[in-house]
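Novice: My questions will all concern the structure given below.
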């Protein structure tokens, strides 16, 4: 069976996401792309087959109206969806491939070593296969005792890939919310800390009603901190930092509540775990936690410790 030209499908979606195009325009653009092979120009029949496959794989419809091809439901795709991510990645890859003379001037952010087991985990997710892995946390010695888990979803965060897994042999945390307690013990593993991974012959059924996006919605990054209560957090951001947050929100719950000449107050609803604390600290003196009082005190304590680092005499 012929290999499915996935890059070709994504190329077509990327081109039509900008504007409707006539067949002659698509053919000319295809011949300038890195996907073009000599003596294999784009044909109408080929384009028809691609359109059918794109609808089947991505649920994106390409219609032919007024002598031009155009996307009908692309804008309805979630901007965080894997489909969008693939399309955008291909667009960058194609430009880099074609513009070889500027390759050294296009600097992409690398995710070190995390993709080693990524394809195996995604394959296990698709087939409902239990995986056996050995894992080492940064704070622990290497534990060669393998564990068997059911991979539910993968997530990239701060240049690392993570996998959320269900461990049927562990008890669920008492602090887990009732709506997720039914799914048992769920833990996050960093792929770059997995030392060995293999697919087993055991299978599992992924609970279709489980939403990975909803699961992570009240958390910051990948830190699952049920021991830290879900709460309303108010943070003041000064100067350019508030503009930064407007264009790149810190969290999905973010709202700009109050706007002043030189600062704004933003609201968040989440579990303010250590990942969130570190993120706010990274803004330095341009971010100030206003509420709740406990979190404000924690930030003050962290700031005092940092101040001691720089003002105490070197020993």
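The backbone N, Cα and C atoms fix where each Cβ goes, glycine too.
Got these off TrEMBL a minute ago, pasting:
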type	residues	note
DOMAIN	118-198	domain 'WYL'
DOMAIN	231-304	domain 'WCX'
Novice: Pop the mean pLDDT for the domain 'WYL' (118-198) in here, whole number is fine.
Specialist: 85
Novice: Based on DSSP, tally up the residues of the domain 'WYL' (118-198) by helix, strand and coil.
Specialist: 17 helix, 41 strand, 23 coil
Novice: If you run through the domain 'WCX' (231-304) with DSSP, how many residues end up as helix, strand and coil?
Specialist: 32 helix, 26 strand, 16 coil
